[in-house]
Amino acid sequence: QFLKQLGIHPDWQFVDVYGMEPELLSMVPRPVCAVLLLFPITEKYEIFRTEEEERIKAKGQDVKSSVYFMKQTINNACGTIGLIHAIANNREKMNFETNSSLKKFLEDSLSMTPEERAKYLETYEAIRVTHESSAHEGQTEAPSIDEKVDLHFIALVNVGGHLYELDGRKPFPINHGETSDDSFLEDAIQVCKKFMERDPEELRFNAIALSAA
């Protein structure tokens, strides 16, 4: 519903990933161009996040300049930012309606830094209004912008044959290695499994795939 309101033609859709076993992954329509993971921000995860950031700063990593990445400065907007990351890094595959507010946002912000994109989103009424109306139509009560929420969305995308994790709370994209259009869903799920393995007593994990309709 949110995609439709943002002016994206329904030839791509978000579908649930019911489980990580091959037979459940086989139920996800292909091709898949992005995976959004919802996970709990726990103490264990925050320790890992700090260590990961320090390790990458020390060792460096290869991130293609074509990766579209933005910071998150709005509370409880990680779902919207995950969705923007998913669409922005697959924009050549998407069919936008002529007056699409998301298409305009992406065109305006392509040349911006991740911080400038975050600031632009703060002032971009069309996406905020659409987000609020979609949130109220959903099956679950949407949190208010100021509510303390310990669940977080990230996007996993394939850009130029590499699998990137895009998380607006992090200072940069995370390169998780090589992938392909054919193996992307399975490769992304391997990354999701690592999140789950770090917090084995947690059950609050959920994945949705952006799939061809």
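Please read every residue number as a count from 1 along the shown chain.
The backbone N, Cα and C atoms fix where each Cβ goes, and this holds for glycine too.
Annotation source TrEMBL lists active site, nucleophile at Cys78. Annotated active site, proton donor per TrEMBL: His152, in sequence order. Taken from TrEMBL, the feature domain 'UCH catalytic' covers 1-212. Annotated site 'Transition state stabilizer' per TrEMBL: Gln72, in sequence order. Residues or ranges marked as site 'Important for enzyme activity' in TrEMBL: Asp167.
Looking only at the recorded positions Gln72, Cys78, Asp167, the one with its C-alpha closest to His152 (active site, proton donor) is Cys78. Looking only at the domain 'UCH catalytic' (1-212), the predicted model's pLDDT averages out at 91. In this structure, the C-alpha atom of Asp167 (site 'Important for enzyme activity') lies 8 angstrom from that of Gln72 (site 'Transition state stabilizer').
A separation of roughly 7 Å, to the nearest angstrom, links the Cα atoms of Gln72 (site 'Transition state stabilizer') and the residue listed as 'active site, nucleophile'.
Listed in sequence order, Gln72, His152, Phe153, Ile154, Gly168, Arg169 are the same-chain residues six or more apart from Cys78 (active site, nucleophile) with CB atoms under 8 A from its CB. The Cβ neighbour count for Asp167 (site 'Important for enzyme activity'), using a 10 Å radius and every protein chain shown, is 24.
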